[in-house]
Amino acid sequence: MSYNYFGKKILILGMGLTGISCINFFLKKGIKPKIIDESKHPSNFIKIPQNIEYSLGSLDHQWILESDLIVISPGISSFKPILIKARLLGIEIISDIELFSREVTCPIISITGTNGKSTVATMIEKIAKKSGYKAFLGGNIGVPVLEILDKEADLYIIELSSFQLENTFNLKSKIAVILNISEDHINRYPNGFQQYKNTKLSVYNQAEICIINSNDKIEKSLIHSKNKKWISFGTNRSDYRICSKSNDPILFFKNKKILNTSEILLYGYHNYNNILVSLAISDAMQFPRNDAINVLKSFSNLPHRFQIIKNEKGVRWINDSKSTNVNSTQVALNSIKTTGTIRLLLGGDSKSANFNILKNIFRTLKIKIYCFGRDGIKLSKICEKKSIYVENLKKAVILISKQVKSGDTVLLSPGCSSLGQFSNFEERGNLFIKLIKEIT
């Protein structure tokens, strides 16, 4: 289906990377959109072409209600009153992913989930290129999808957040994957977790092949399941499964051994799961199995994802700053084997999530919890006997450096977004690395 944007009043919301990519997309088509940003001083303002009309400081602008088409950036809530009003007036509101999906003719692999998206998407990109594909990776990983549009592409791999899926309606994926679904971004969704979950599930709606995590109870009745192929991974009853009867878990397809985890660089059950689903995707795409295995054996952690920064004098320092929700902290804790104390750095903006699920884990572990940031005081009350509130990350690292002993593991796995003290999880992780080098 061909979309004609000429003659339409087009408005872009947000001057981040996504917003800039949308401007460039329309300009290439000979169309001049308008753009609004809530900030009075957006960091990308300098990138706005001089001939583009803009408004800063508020979304409550008449332009919204005068538009024919609004392209909304993922950082802006779809549930703002003025946007609800715009929908009621029949104004079309879409994401950059929707624009992208209208342009693409080659296969798309869509990857979403609460945790692990960037790791799996990067694995698949490497496997695809190893297999001879001209593959492009974009989306939530930091490269807007409109920037990777290429007439010569064989394959697109896109990482998708729930925010990006909210206003995406015609994404026809060759393969769609939900890695996992756990509580996150609850403050974004008026109807709570189920609304967040349903948004994630929408990735399957127009997919040919749906890969599902058997450990998550996904109601197939919520998905338009006509003419779909379903592939499962996770538990013993899955198509792709992990057998954990030995110290080194083994990955299977049906009853056939694929890979022993002792052969790979990555560590931790969550990483074994990432490798498992990557094998499922690769097989579904009919990539040569040997290419996939060779890539996965040599794959190392992406920055800020359970990244071992230092391992000296019997002390491990692990940077898991990408942990922005409670489930990812839980996974990180379950991946640590140590005879000493786990010294956990927890804190930031909890996004109204329920951290009480960590209570039982804290009780069973030899652990000291250093809570910092916006919700640090609240988090320190989850397990008061083992917790201490520290104002910021630097003070926490200084304190830990004085208390740490041989055999201990220091883990930055905040379980929260970085808002309040940092611009993003990368800035938080980089400061942690810098502090380790300076203080320890």
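Backbone N, Cα and C atoms are what each Cβ position is placed from, and that goes for glycine too.
Listed in Swiss-Prot for this protein:
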type    : residues                                 : note
BINDING : G113, T114, N115, G116, K117, S118, T119 : ATP binding site
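Positions of the features from Swiss-Prot, shown on the structure.
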{"residue": "G113", "record": "ATP binding site", "Cβ contacts under 8 Å, 6 or more apart": "V120, V177, I178, L179, N180, I181, K200, N213"}
{"residue": "T114", "record": "ATP binding site", "Cβ contacts under 8 Å, 6 or more apart": "L179, N180, I181, S182, D184, N325, N327, S328"}
{"residue": "N115", "record": "ATP binding site", "Cβ contacts under 8 Å, 6 or more apart": "L179, N180, S182, H270, N325, N327, S328, V331"}
{"residue": "G116", "record": "ATP binding site", "Cβ contacts under 8 Å, 6 or more apart": "L179, N180, H270, N273, N274"}
{"residue": "K117", "record": "ATP binding site", "Cβ contacts under 8 Å, 6 or more apart": "I111, N140, I141, E159, L160, S161, L179"}
{"residue": "S118", "record": "ATP binding site", "Cβ contacts under 8 Å, 6 or more apart": "N140, I141, E159, L302, R305, K322"}
{"residue": "T119", "record": "ATP binding site", "Cβ contacts under 8 Å, 6 or more apart": "N271, N274, N301, L302, R305"}
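Listed in sequence order, the residues I111, V120, L179, N180, N274 complete the 8 Å Cβ shell around the ATP site centroid, once G113, T114, N115, G116, K117, S118, T119 themselves are left out.
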